[in-house]
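K.L.:
Just dropping this structure here.
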Amino acid sequence: MNKQSWLLNLSLLKTHPAFRAVFLARFISIVSLGLLGVAVPVQIQMMTHSTWQVGLSVTLTGGAMFVGLMVGGVLADRYERKKVILLARGTCGIGFIGLCLNALLPEPSLLAIYLLGLWDGFFASLGVTALLAATPALVGRENLMQAGAITMLTVRLGSVISPMIGGLLLATGGVAWNYGLAAAGTFITLLPLLSLPALPPPPQPREHPLKSLLAGFRFLLASPLVGGIALLGGLLTMASAVRVLYPALADNWQMSAAQIGFLYAAIPLGAAIGALTSGKLAHSVRPGLLMLLSTLGAFLAIGLFGLMPMWILGVVCLALFGWLSAVSSLLQYTMLQTQTPEAMLGRINGLWTAQNVTGDAIGAALLGGLGAMMTPVASASASGFGLLIIGVLLLLVLVELRRFRQTPPQVTASDS
């Protein structure tokens, strides 16, 4: 009997060329978006000196992404998915060019930043939805879990590298360089995506989009197991919105512009480690309990983050949050795929992604509001410990999720 490895199996990148192209495009895209993610809050903080305004930008972008995910789900089921992906990526690049040109003005427009955030959030989510819908055709349904873990690792590694580069660019060239390179990277992603095969939508009866979405909502509300997983995912994403406080906390810790990048890189770094060492997660006998406990630990890490006397200790707390949130997220993904009926998988995955975006937007708005009334340190701690209390209550209430057991799959030589 072969012992299951802790490490993630990357063989899909060798055996599936189309998935390899998506992997490359996604990595470049994440690096580009990371440059943007550092520049926007820092620019708004410098222009307004208001954490509320920083939170508002994240909230508006998150709202646009939510709408884009809903619209994108309909488009991906009715039109050729490769075309939807390419159109969405190219349109996003145009928005990044607009941010670059705005940053070069003597007096950049705050309204333009907000509007372009809406633009990019909407079109970016169109591409995400189409790519999610196309993934089974690219890798085969039997490889979806492995593809999901590789995708998480790609996103996290890119998110580690890009904030560090973004911080250095801020210290040397200003936000315009961040926006310009983000636009260039986005257009470069079109090259590997052009090699994808045609991805036509599956034949299906015509149904009003709202009716289909309502059926998905009803399933979530009726299933304490799947609904509980979705609720935990939303709360976990709310906690990650602590990044809107990074610029203000950086001032409190007297960090340089280059050091700010370490704050943005810490969570992705921890999550990358979590994804890379996720080989045994799918074999957990009680994944629901493990999901709940890892989520509670993540909330505790955020509560302690703002209390740290030195920024390097804060980075450690953020990395711990990233690792625990990766464990929880991978378990959420696995259980959603196995506990959701085949006919509901598309809608439930879309709604799960959308509620994560919504949780991020709500968390950003709440933290921005807290930042206007409290110190950044108090805001970060209040959010973390508040979510921890809610998490403990859910640990007691979500009985079916807590007690859920599964039979570990058989380990073969190819899995080791």
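Backbone N, Cα and C define each Cβ position, glycine as well.
Take a look at what Swiss-Prot says about it:
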TOPO_DOM  1-21  topological domain 'Cytoplasmic'
TRANSMEM  22-42  transmembrane segment
TOPO_DOM  43-55  topological domain 'Periplasmic'
TRANSMEM  56-76  transmembrane segment
TOPO_DOM  77-83  topological domain 'Cytoplasmic'
TRANSMEM  84-104  transmembrane segment
TOPO_DOM  105-109  topological domain 'Periplasmic'
TRANSMEM  110-130  transmembrane segment
TOPO_DOM  131-156  topological domain 'Cytoplasmic'
TRANSMEM  157-177  transmembrane segment
TRANSMEM  179-199  transmembrane segment
TOPO_DOM  200-218  topological domain 'Cytoplasmic'
TRANSMEM  219-239  transmembrane segment
TOPO_DOM  240-256  topological domain 'Periplasmic'
TRANSMEM  257-277  transmembrane segment
TOPO_DOM  278-287  topological domain 'Cytoplasmic'
TRANSMEM  288-307  transmembrane segment
TOPO_DOM  308-313  topological domain 'Periplasmic'
TRANSMEM  314-336  transmembrane segment
TOPO_DOM  337-356  topological domain 'Cytoplasmic'
TRANSMEM  357-377  transmembrane segment
TRANSMEM  379-399  transmembrane segment
TOPO_DOM  400-416  topological domain 'Cytoplasmic'
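I'd like these features described in context: how deep, what's nearby, how far apart.
P.N.:
Looking at the topological domain 'Cytoplasmic' (1-21) alone, the prediction's average pLDDT is 78.
Long-range contacts of the topological domain 'Periplasmic' (43-55) within its own chain (CB-CB distance under 8 A, at least 6 residues past either end) are made by residues 103, 108, 110, 113, 175, 241, 244-245, 247-248, 364-369, 371-372, 376, 379.
Away from its own ends, the transmembrane segment (84-104) comes close to residues 25, 29, 32, 36, 39-40, 43, 72, 75-76, 112-113, 116, 119-120, 123-124, 126-127, 130-131, 134, 174-176, 179-180, 182-183, 186-187, 189-190, 193-194, 196, 199 of its chain (Cβ-Cβ under 8 Å, at least six residues beyond either end).
Same-chain residues lying 6 or more positions outside the topological domain 'Periplasmic' (105-109) and placing a CB less than 8 Å from one of its CB atoms are 43, 47.
Distant neighbours of the transmembrane segment (110-130): 33, 36, 40, 43-44, 47-48, 53, 56-57, 60-69, 71-73, 75-76, 81, 84-85, 87-89, 91-92, 95-96, 98-99, 102, 199, 350, 353, 357; these residues of the same chain sit at least 6 beyond its ends, with a Cβ under 8 Å from one of its Cβ atoms.
Sequence-distant contacts of the transmembrane segment (219-239) (same chain, at least 6 residues past either end, Cβ-Cβ under 8 Å): 288, 291-292, 295, 298-299, 302, 321, 325, 328-329, 332, 335-336, 339-341, 344, 347-348, 351-352, 355-360, 362-363, 366, 383-384, 387, 390-391, 394, 398, 400-401, 404.
Panel annotation: around the topological domain 'Periplasmic' (240-256), residues 37, 41-42, 45, 51, 54-55, 58, 171, 263-264, 267, 302, 305-306, 310-311, 314, 321, 325, 359-364, 366-368, 371, 375-377, 379-380, 383-384 of the same chain, lying at least six beyond its termini, place a Cβ under 8 Å from a Cβ of the stretch.
Long-range contacts of the transmembrane segment (257-277) within the same chain: residues 6-8, 34, 37-38, 42, 149, 152-153, 155-161, 163-168, 170-171, 240, 243, 246-247, 249-250, 311, 314-316, 318-327, 329-330, each at least 6 residues beyond the stretch ends and with a Cβ under 8 Å from a Cβ of the stretch.
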K.L.:
Contact between the transmembrane segment (314-336) and the transmembrane segment (157-177) is defined here as three or more C-beta pairs under 8 Å separated by at least 6 residues; is that satisfied?
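P.N.:
No, since the transmembrane segment (157-177) and the transmembrane segment (314-336) share fewer than 3 Cβ pairs closer than 8 Å, they do not count as touching.
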K.L.:
Taking the transmembrane segment (357-377) as the reference, which of 22-42, 56-76, 179-199, 288-307, 314-336 gives the largest number of Cβ pairs under 8 angstroms?
P.N.:
56-76
K.L.:
In the same chain, who gets a Cβ under 8 Å from the transmembrane segment (56-76) while lying at least 6 residues past its ends?
P.N.:
40-41, 44, 84, 88, 113-114, 117-130, 132-134, 201, 209, 213, 241, 244, 346-347, 350, 353-354, 357-358, 360-362, 364-365, 368
K.L.:
Taking pairs 6 or more apart in sequence, does the count of Cβ pairs under 8 Å between the transmembrane segment (379-399) and the transmembrane segment (288-307) hit 3 or more?
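P.N.:
In this chain the transmembrane segment (379-399) contacts the transmembrane segment (288-307) - 3 or more Cβ pairs sit under 8 Å.
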K.L.:
Near the topological domain 'Periplasmic' (308-313), which residues from the same chain, at least 6 beyond its ends, have a CB less than 8 A from one of its CBs?
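P.N.:
Distant contacts of the topological domain 'Periplasmic' (308-313): 249-250, 253, 255, 259, 262-263.
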